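Record features (Swiss-Prot):
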- 38-45: region 'G1 motif' (REGION)
- 136-139: region 'G3 motif' (REGION)
- 205-208: region 'G4 motif' (REGION)
- 235-238: region 'G5 motif' (REGION)
- Lys299: N6-acetyllysine (MOD_RES)
- 519-625: domain 'PH' (DOMAIN)
- Lys598: N6-acetyllysine (MOD_RES)
- 741-870: region 'Disordered' (REGION)
- Thr755: phosphothreonine (MOD_RES)
- 756-767: compositional bias 'Polar residues' (COMPBIAS)
Amino acid sequence: MGNRGMEELIPLVNKLQDAFSSIGQSCHLDLPQIAVVGGQSAGKSSVLENFVGRDFLPRGSGIVTRRPLILQLIFSKTEYAEFLHCKSKKFTDFDEVRQEIEAETDRVTGTNKGISPVPINLRVYSPHVLNLTLIDLPGITKVPVGDQPPDIEYQIKDMILQFISRESSLILAVTPANMDLANSDALKLAKEVDPQGLRTIGVITKLDLMDEGTDARDVLENKLLPLRRGYIGVVNRSQKDIEGRKDIRAALAAERKFFLSHPAYRHMADRMGTPHLQKTLNQQLTNHIRESLPTLRSKLQSQLLSLEKEVEEYKNFRPDDPTRKTKALLQMVQQFGVDFEKRIEGSGDQVDTLELSGGARINRIFHERFPFELVKMEFDEKDLRREISYAIKNIHGVRTGLFTPDLAFEAIVKKQVVKLKEPCLKCVDLVIQELISTVRQCTSKLSSYPRLREETERIVTTYIREREGRTKDQILLLIDIEQSYINTNHEDFIGFANAQQRSTQLNKKRAIPNQGEILVIRRGWLTINNISLMKGGSKEYWFVLTAESLSWYKDEEEKEKKYMLPLDNLKIRDVEKGFMSNKHVFAIFNTEQRNVYKDLRQIELACDSQEDVDSWKASFLRAGVYPEKDQAENEDGAQENTFSMDPQLERQVETIRNLVDSYVAIINKSIRDLMPKTIMHLMINNTKAFIHHELLAYLYSSADQSSLMEESAEQAQRRDDMLRMYHALKEALNIIGDISTSTVSTPVPPPVDDTWLQNTSSHSPTPQRRPVSSVHPPGRPPAVRGPTPGPPLIPMPVGATSSFSAPPIPSRPGPQNVFANNDPFSAPPQIPSRPARIPPGIPPGVPSRRAPAAPSRPTIIRPAEPSLLD
């Protein structure tokens, strides 16, 4: 016969477990451990066995449980047991389980009453149990026997405390009825770890072995030595019953008959016995499950909310709906167009704070990278002067010219304009790369439909490539237009007269320092990369770039200036990235081979990314610091020709040089303005319009709709998993709601005055016998409950001593007298209120037993009373 209450809980817990396992999680109910604590031969193992409903633990007289037994009950469809020390063997006969426990105990402790703290781990799989842990502990003893060590008492207590200290442990404090309750070590230990008494249940065993005429009624009614959760009396099988193979069913029937027939217990028979103990423990398990439900519910609700948004699109999913694929295709294409436009035009909705979007990158190309590429093709001064001198001489031919020729200016300008084609085409290529990258990022949302994604990328990329050709043609046309007519009447053009005076004005301007406010072009952190380790190694500084100088400071407060470097004769060159470095480096050097900083001919400045390097280079260009040119030509001849010019030719070269500078600046300004406009119109805006208006038609013509909208296996699995998870979460929440409504929590009993457990050191000499207490407790309960119970009770016992004090004493005079003095204020231990509660059926022979006990009372108790009162 199993534990019916526990079997009723099994479906409830299984529902929860199934609900959680369906969402791929485990339901951690963490049901309480049930630990049985008590003295030797108190009946601990029998109590535990009755709770499980199986006969499998060793029992007998003396110390039988000599190692802790950790019994794990695990719900399973088949019934068997296995030990941790021999996992490979499954026990289906529980007699063999008992024999294995005895054998394993002897293997570690020997056969001569030895004790070991090493636990035996037993797992019992059964369809009739919950997932619980039960602990059978060795009995508390004070005197070592056999192979037991001298400190056996402390060893056992430490062992017990390890198991019952856990907050979720229920403690069954087992005390036999024929022993002293006030000195119960089990209750004392429980009080240490559970001072509020919330998880301690008193269990009184061996009620059938009490002396005739004595009972434990007041203890079981929680009037004498009360506990918060009270006491439950049980009657276990005797050793004779066990040897006679009396099963648990018959034992429970005999127990019930005992309580119904006993005059002291029949009125509370429904609150006594193993079934009531099972019911009480099962109610504690129910309470624990209910207490766990709010945490589980909030956990499930948070998961459900996180899934709501993702599941919203799947809720109305109908695989057999003929319009489903059409709707999905339209929705996907529209979403792709919206995402593409947001990434290009920018949007305040869901801004990416980790990296630049496509539109921001294209903006950087237009206004940082492209101007930098234009300045990079800046002509070399010596080469330009040589070309101008050759042009002037070739135009004059054999004649000696008196005036500066216009044709030389036009020839040089046209040659410079042609050089603009390369940076302009490179700008288009950079924009195309960003557009294609943006398309791929936007199609990532189409990953559910691989064929649709592939076709969308192909069609849009093909269109961008088509627009690339037209855009490049248009840009080349712009350059050809600039080359076709040199407009020397432009309002920004300096003209011949101004060109001749420009050199003088520039020299004067350089001689007079700028008294106005210096314009700061850029600020930021840079690392000087080539300072030797001997001088501190590479270090990060705060750099400030103006139109005249480059300064660096210790930090961004700009209070402690480290150095200021004038920009005259400075240029930029690229530096290869170090093998072990993740920094991107460029260098600044002096064209006149002078040191730029201390003993360094160049300073290497490091940034975290190539984009930062390009941005700094563009800033240096604005300040007039240009990139280094490759000197592929023979400079010796150039120098000879340059320096061999006569003064008149030199003046003409200088004039044309200034005119070329002025006109090329006008063209650069125009190209810098027209390039972004041309690319935006011919490429970006056209691509957006194509996606919005024509992409869908191209998709329909490129492939069958069914093949386009075939889901990937991963996406179908993901959708199914998400929907299953969503419904499982809702089902689990419904189950939790059902459990909450179908079960009832038992309220915690109110606190009781259990100071007797704390004062047992002073009471311990007196109370020796609980059975007797049940005979004369009516006068004693007030003594325990009230703060000053003694005085009012003194007169009552005096009158009652002769007539009602004897019945409990005859069987064990000594212990009875000691127990009678549990109340230090009552000189005579018996209270006269008992007669009214004694059933009329008390045997007439009881009075004859009273006389022997009376003489022993003064001898044992009276000498101890004064010290107790003190």
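Every residue gets a Cβ built from N, Cα and C, even glycine.
Residue counts of the region 'G1 motif' (38-45) by helix, strand and coil are 2 helix, 2 strand, 4 coil (DSSP-based).
The two recorded residues, Thr755 (phosphothreonine) and Lys299 (N6-acetyllysine), have Cα atoms 41 Å apart.
In this chain, the region 'G3 motif' (136-139) does not touch the region 'G4 motif' (205-208); fewer than three CB pairs sit within less than 8 A of each other, excluding pairs fewer than 6 residues apart. Calculated from their C-alpha atoms, the gap between Lys299 (N6-acetyllysine) and Lys598 (N6-acetyllysine) amounts to 65 Å. Local packing around the modified residues Lys299, Lys598 was summarised as the count of other Cβ atoms within 10 Å of each Cβ; on this measure the leading residue is Lys299.
Per DSSP, the region 'G5 motif' (235-238) is made up of 0 helix, 0 strand, 4 coil. Mapped onto three states, the DSSP output places the residue listed as 'phosphothreonine' in helix. Taking H, G and I as helix, E and B as strand and the rest as coil, DSSP gives the region 'G3 motif' (136-139) the counts 0 helix, 1 strand, 3 coil. Lys598 (N6-acetyllysine) falls outside any helix or strand according to DSSP and counts as coil.
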